[in-house]
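Okay, structure first, notes after.
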């Protein structure tokens with residue numbers, strides 16, 4: 001692409017050389033995009049104070065009719081006689097040829113030169129950073145075509161004398177063809193910015209886009225050229241290749257931008273397109289309404305032709321804004337380095353100039369080498385602080401606080417301080433990380449039953465997701481998920497370090513949020529379980545014990561009435577009533593046993609645990625692999641524990657002992673129970689194979705942890721020092737469930 005751009009630039013320079021070498025009569029006969037009028041050449045402007053006037057129709061130059069469009073040499077040593085039609089009457093004007101007034105042309109074309117400079121600046125910047133990117137390549141083509149069409153076809157103008165002498169007309173025609181192709185390149189740019197559309201039809205679409213202006217020109221010539229009777233009429237058709245391209249392509253550009261914006265599901269892509277869509281759409285619409293349509297169907301454009309480039313000046317700056325603000329074309333790192341060295345270069349030059357001026361004011365103009373050394377030393381001393389400041393400032397704007405861990409963590413802490421509800425910490429964490437690191441998507445996933453479930457997110461999901469484990473007390477409680485700033489540029493080492501640091505700090509927050517959620521769910525389950533237990537008790541008592549006791553109550557009076565008359569029958573009735581009463585007693589015992597372990601209520605926590613451990617040891621089929629259980633409790637005893645705490649402790653210890661027997665392959669297991677800090681502490685330690693390398697999930701931990709959470713406590717399983725596993729639980733005695 002750079003070869004093509006170079007060729008177009010060289011053609012522009014060649015046209016400038018030809019223009020300066022060709023005699024000029026100071027006229028301008030091209031009106032905007034339309035070049036000639038059939039039958040005669042109308043003068044639309046003149047830079048001379050000679051006899052030609054704006055509005056004159058040139059019929060002949062020095063005896064050569066312009067309708068014949070000849071290419072004859074003209075004398076430069078005398079004035080030429082122009083035959084013109086002015087106010088309906090034919091007259092003559094003497095015109096002296098001279099060198100083209102380049103300074104006046106530059107002044108008149110300031111708007112177009114401003115647009116070309118903006119296009120070239122942005123295009124070269126993008127192409128140097130991303131030479132293989134389709135949008136960067138197309139942007140360079142647009143800028144080169146704008147240069148070729150704007151300079152020979154706009155600034156250098158087409159003059160009346162060019163129709164009868166020299167080769168300037170053909171350079172002007174080349175510029176008009178470049179202008180038609182420029183609109184095709186603009187439509188191509190909308191198809192590849194900010195990223196190329198997927199699909200096998202993309203190459204065919206691009207081919208049709210560039211072939212469109214040429215096909216439209218051929219269709220126009222095939223339709224109208226046979227009716228042209230003079231050379232001027234034929235040149236009028238051939239010399240206006242931009243028609244009907246400039247009617248159709250601005251509309252296509254507008255449609256393509258609107259379609260790309262509305263069809264994109266990626267919010268970041270929509271942000272990148274929004275500014276470009278607005279500037280290009282408004283520019284194309286204004287171009288048609290203020291210049292093209294009035295010039296073609298009315299008496300002339302509503303504004304001077306020289307001003308139409310201004311409506312397109314915002315477009316290249318919109319592309320630059322999409323790159324710098326929304327990271328289009330994935331050039332974050334390149335932009336950072338470029339801006340740093342640009343700022344550094346300007347600052348170094350400014351400091352050196354300031355130091356030399358000050359030294360010159362204090363001493364005299366720098367002459368001796370030692371004075372120049374002083375100036376250079378001052379600049380050298382300022383370079384590193386300047387580079388550090390520029391790098392940090394620009395990186396903060398592009399990449400957020402990834403290079404400043406303290407800033408990142410302080411923002412995270414300040415966000416967490418403003419949280420007022422248990423459900424808010426996780427959304428606050430992802431929002432703080434996303435905004436501070438300038439990431440398009442951040443989420444938190446928690447592990448539930450071995451599966452990851454998303455509980456909070458910021459931004460729109462994108463490709464290139466990276467997961468960082470959230471660890472609390474050696475166990476993974478979830479993942480911090482982050483998307484790269486662009487699909488083509490993954491997160492860098494410093495991004496990984498910053499996110500890993502956040503994940504380390506956020507593990508406790510995620511665990512606390514999960515415990516809070518688990519506690520809420522456990523409370524709901526507990527309330528539901530209580531209601532269910534009450535219904536079951538009501539059913540058992542009403543349908544079981546109740547009728548039995550009612551029958552006994554009815555039978556006792558019968559015993560009294562038959563005791564004297566028939567003692568034997570009374571004895572039989574008493575036996576039946578006694579049997580029914582025993583059945584009621586058994587039913588009551590069954591119900592009470594379901595409410596709580598009988599062994600626990602009879603023996604107490606420590607003794608009940610010992611009995612359970614002994615039963616487990618006896619049930620092991622291989623005596624050589626039996627576990628040696630040791631049960632220890634506080635010397636002062638545990639006192640009377642709340643029923644809920646005692647039952648939860650018993651269930652947790654029994655579950656832990658069962659896991660030791662089934663999974664640990666241990667030889668020794670120690671159970672410690674003691675009171676500390678207003679809570680019952682449990683610790684079950686074994687010397688088995690320990691936990692697997694992954695997080696400690698499963699093997700009964702969920703059920704044990706839920707029992708602890710129901711009472712406002714905690715339960716964790718982790719690797720023991722020296723090998724094995726330790727299960728630790730804390731059960732507050734002042735439970736809300738009492």
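A Cβ is built for glycine as well, from the same backbone N, Cα and C atoms used for every other residue.
Among the ranges 79-98, 139-158, 379-398, the stretch that TrEMBL annotates as transmembrane segment is 139-158.
Per TrEMBL, the range carrying the annotation transmembrane segment out of 305-326, 415-436 is 305-326.
Note on TrEMBL: of 52-70, 109-127, 451-469, the range annotated with the feature transmembrane segment is 109-127. Here the transmembrane segment (170-192) has Cβ contacts under 8 Å with residues 8, 11, 15, 18-19, 30, 33, 35, 134-135, 138-139, 141-142, 145-146, 148-154, 156, 158, 162, 202, 205-206, 209-210, 212-214, 217, 238-242, 245-246, 249-250, 252-253, 256-257, 260, 280 of the same chain, all six or more residues outside its ends.
Per-residue pLDDT, averaged over the domain 'Histidine kinase/HSP90-like ATPase' (644-735), rounds to 83.
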